[in-house]
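Below is one structure, written out as structure tokens; the observations come after it.
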Amino acid sequence: MKKVRSLILAGLLAMAPATVMSPMALAQENAAAAAPAADNAAISTESPDNATAPAAEAAPAAKVAAPPRMKPTEGIGMPKPGEITLQEQFTSTGHTARWLHDKMLLPLITIISVFVLLLMLYVMVRYRRSANPVPSKTSHNTVIEVVWTLVPVLILLVIAIPSIGLLADQYKPAPKDALTVKVTGYQWYWGYEYPDNGIPEFVSNMLPEDKAKENGEPYLLAPDNRLVLPVGRPVKLIITGADVIHSFAVPSLWVKMDAVPGRLNEKSFTIEKPGVYYGQCSELCGARHGFMPIAIEALPPAQFDQWVQSQGGTLKGAAAEKTAEAAAATAEKKI
């Protein structure tokens, strides 16, 4: 009986290597089985009947290359040394604001300041003690009082009329076809999201000094990722904050809006010219408040659509129709 059991055990041990294979052996066996299949696949793809159609159906859509990063122009979209006026403007409200500042406020301020200075000098000389040992005791002058009341009122009215119009223009609702972009302020960087195009949020941090110089951009104003917008198309920014109050400000586009946590503020505008426009956070928000710059890269519509596609986004409206027509025309040519 013991001999029978021994024989059975010996037989089982002899059969075990054949039934239980190691992972290495399994891998080798699978590779050997796959080789003929690969050969057959190569033969089938070489045949003229089957080569074109399956390959065309299986090929993934080609990724669109992003347009090259635009170089800034010195003095455009950024402050100039020694400048006393506003930066050159590239939106309609910006033009109005610059006209109001340069053509109305600065001349009025200059005239009033010079007039008051000359009046003070005249009074100091004309009514000095040596020239007037007995001072005048006049306490009222009706004409002078009427003049110094009416003149400031008229000046304020002249300033108020265009100012009210400018304020109204700044808060006009965006048109329905405006491109919507969500801007979120963080400590201490910005986040941009394109809900209309399906582009998820990406963040924008300040470039190191060596990298900014390498790119030919102003240090402390240049971020790694820019907010890309189209030229000639209305844009609606939805601005908020994630932690503390920030302020999104781009002076050359006359854009400034607080980014308040828990609140959605809206700012709309239309950029008139391609270029790079710089800004900064304009609300004290912590230790690195001065190191969260803004850069808006304004592209022609065709290049903006190219950028959207390069980010994996989708086009809307007329741009989508043009893209579909171009794709259809290309497909017809191939056929």
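The backbone N, Cα and C atoms fix where each Cβ goes, glycine too.
TrEMBL lists region 'Disordered' for one of the ranges 43-64, 175-196, 285-306, namely 43-64. Secondary structure of the domain 'Cytochrome oxidase subunit II transmembrane region profile' (78-174) per DSSP (helix as H, G, I; strand as E, B; remaining residues coil): 64 helix, 0 strand, 33 coil.
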